Amino acid sequence: MTITIQRGEVVEVARGSQRRRAVPGMGLLDSLGVVWKHWRESFRQNRDFSDIHGTFTEQYPDERPNLPEAYRNMPILLFDDETGHEFCTSCFQCQRICPPQVIHMTQAKDTTTGKAVPSVAEFIIEYDACMSCGFCAEVCPFDAIKMDHHFELSTSDHASLTVHKQELNRPVSYYQSIAPTLWEEAKAGAYKKLQGNIKRRPDVIGIAPHLVDRIAARRAELAAAAAAAPPPPPTAPAAPPAAAPPAEARKLTPEEKAAKLAAIKAANTAKQSGATPAETPPAAAELSPAEAKAAKLAAIRAANTAKQAGTVPAAEVPPAPVDEKAAKLAAIRAANAAKQAGTAPAAEVPPAEPAPVDEKAAKLAAIRAANAAKKAAAEDNETERN
Amino acid sequence: MYDILDGLINSTLGFGWPSWLISLIGYVLVATLLFAVAPFQMLFFTYYERRAIARMQDRIGPNRVGPEGIFQPIADGVKMFTKEDIVPDAADKRVHLLAPIVVVAPTMFMFAVLPWGPGMVPVDLNTGLLFFFAISSISAVGLMMAGWASNNKFALLGAMRAVAQMVSYEIPAVLSLLAIVMMTGTLSVVSLINAQGGLFISTNDVAGVPDLGLGWLIFTPVGLLAFMCFFIAALAEGERTPFDIPEADSEIVAGYMTEYSGMKFGLFYLAQYILNFLLCAIAAVIFFGGWQGPGVGWLYGMAISPTNPDGSWIFNLLAGVLGVFYFLAKTYFFFFVMIWIRGAYPRLRVDQLMDFGWKFLIPLTLVNVFSAAIWVAVTSWGVADGFGLVEGWSPMLRWGVAFVTTLVLNGAAYVIVARIYNSAQAARNRFDVDELRESLALPR
Ligand code: SF4
Ligand code: SF4
């Protein structure tokens, strides 16, 4: 029998034989027959779904369910097995798309420059409100967040359902084991992007924090690289000995940064004072001894920093581009500073006394370097305690 | 029971106690036994139902508490006992408390006339059937009390539905039993069973057939139709799908039980399952010979009984075990059928329920009463009753004529009534659709 419905589709409906329906109530018996067949067949296990009869039940706690690859329960974060680097770049895409808004994160910052780094410092998912929609995994451009198969999350402690990065981190090999073909598809792109991001992650930022030995190894590597670089000239007053023994290696990098910062600032200031508007007579002509000293110092510092900076990523990157980069950066900064100075009311910088400015700048730089060193030391202590 | 105790105490042990004491001991024993057995049956039935319905739905059902989940009902019972008993503020507290008791008590009374095996009936009332069905309708009062006292619209709706349903379906149930009572000429449950000995050709009417305990009334056309009507009515009285309208959880939460919790709710549950057990049991007793089956009659012939005080108690035991086995097997089978029906059919609407009861079952059972009259006239009347025509026929011939006549009559009645009912329902559905269209102003 066919039924035509409004939209013009035709539905085939199989009816029982009309002859049997001549006796009323036979349809009722037919339906009893259907149930009887299900009852009788249900004593047979049916695991291959070969037909609609049989028992499909899995005895769950005894038998583990055979989950399909695309099964999704709760999101997890991936990190690379070898380098320990997390794939997440803190791009906030997942946080933005999450319908119940349960993803929260803080972007990692370079401790010395304060600049954002493509890595995530803290990442929180409220599992209790997550609805397992998988949007976060779909949207992540870096394949950093994936849906896990683990579903036994019951707990007597509500707070433990607010899950932090530490508990969210899983090695890629784990994800590969639960979803091999899915990872195969995503793998190449994910690693390519990760390599690019590692280059932009200074120090040990981006390495999964629980991989303590990996971080230590990386720090040792950095220290070794630093040690291989030529020692700085002894005249460098504010910069700590760059060729520190490996034990000091951990402190080295932040201090380096601090020194670099100070140097750049000093240089900028020097330039600024040099490039102040035309009312100022040419600086070189009236250089006081103090000025000359300060400028020299700044120059030495800048040189040192440049050298050191060049040796830092020596393992992976040829030093030249970095130097270039640093130089470029300095140039840009200088230009900015000049602009600023140009637009600022001239009265602010008394043109007749460039010396105190220089002195001030040098002093400031020194203080900043000292502070940074202290801070780095404090942080180190903290991490050690942890 | 009296005979066995009498034989044991006075004859075997020679104490010479008075008969009233022996009766008292007997009744106390039986009452204790029944009060232990009834909740046990309920526990078993909940487990049984869950497992069976699960299988019909391609599942396994509860299988984790104990081997194959057999202790699941005990776990549920513990849960019931430990739950908080909440009485709504606006409820009529005393009636609210009394209602479950009024519902449970009649179901326990009904055990009084239920025969478990040969000679194993607590009280052999000569109006046992009447007692059974009279008592069963008392629980409708309890349901109404529960619905009213809860002060909850769903509870009241459920109670209204329950009472309407019970009252309507008692009529076909009793009318179908009327046909049986006419055929057997007795209201006593025990003699009803005794009448179902012999072979399946007829009851004990035909002389000379061996007593295989298979003379069940279901094998006669009158009994068959009566059984169908009775069983459908029993589904309605036991509030089983497709007549679980009073507690339709998708419509009115839990009906009259909505405001009950903890053990009070448990009591309703208990009453319901015991009622189901009793309805299955009484169906087995009336139409399927109760404990009758091959071998029981023969064994019981050699046991201690009022007619044979010199029997051996070992045969009492054997006949009892076999009889109870047959009885319970039939009862459980009927409960399985109830579950089976639950697995197959959806719930009826209230008006459909009423239509079915009043327009289909009652006419059919009335025809069946007429058939029963023919049956009785052909098989047992004679010249004395003004029916000399059948006087000269052999018992086999009389039986055959009665069988064929009633079969044709009942069959024709079933087909005709069902068709009229069908077309009436279809016409009404069309009418309903038309009305709906008009009210929505849809084009034809
Ligand atoms: S799965 Fe959905 S709800 Fe859960 S964190 Fe991801 S986007 Fe949010
Ligand atoms: S998990 Fe993916 S989408 Fe979310 S912030 Fe990290 S990289 Fe971006």
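Heads up, the Cβ atoms here are built off N, Cα and C, so glycines get one too.
As written in TrEMBL, here are the features:
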type	residues	note
TRANSMEM	B:20-48	transmembrane segment
TRANSMEM	B:97-117	transmembrane segment
TRANSMEM	B:129-150	transmembrane segment
TRANSMEM	B:171-193	transmembrane segment
TRANSMEM	B:213-236	transmembrane segment
TRANSMEM	B:267-293	transmembrane segment
TRANSMEM	B:313-341	transmembrane segment
TRANSMEM	B:361-384	transmembrane segment
TRANSMEM	B:396-421	transmembrane segment
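Counted over residue pairs separated by six or more positions, the transmembrane segment (B:313-341) shares at least 3 Cβ pairs under 8 angstroms with the transmembrane segment (B:267-293), which defines the two as touching. Contact between the transmembrane segment (B:361-384) and the transmembrane segment (B:129-150) is not supported, since fewer than 3 Cβ pairs fall under 8 Å when only residues 6 or more apart in sequence are counted. Long-range contacts of the transmembrane segment (B:171-193) within its own chain (CB-CB distance under 8 A, at least 6 residues past either end) are made by residues 113-115, 121, 124-130, 132-133, 203, 217, 220, 222-223, 225-227, 229-230, 232-234, 237, 285-287, 289-292, 357, 361-362, 364-366, 368-369, 371-373, 375-376. If one looks beyond the transmembrane segment (B:267-293) by at least 6 residues along the same chain, the residues whose Cβ comes under 8 Å of a Cβ in the stretch are 38-39, 41-42, 45-46, 80, 100-101, 103-104, 107-108, 110-111, 114-118, 120, 129, 132, 136, 139, 142, 146, 177, 180, 189, 192-193, 196-197, 213-218, 223, 226-227, 230-231, 234, 237-240, 256-257, 260, 322-324, 326-327, 330-335, 338.
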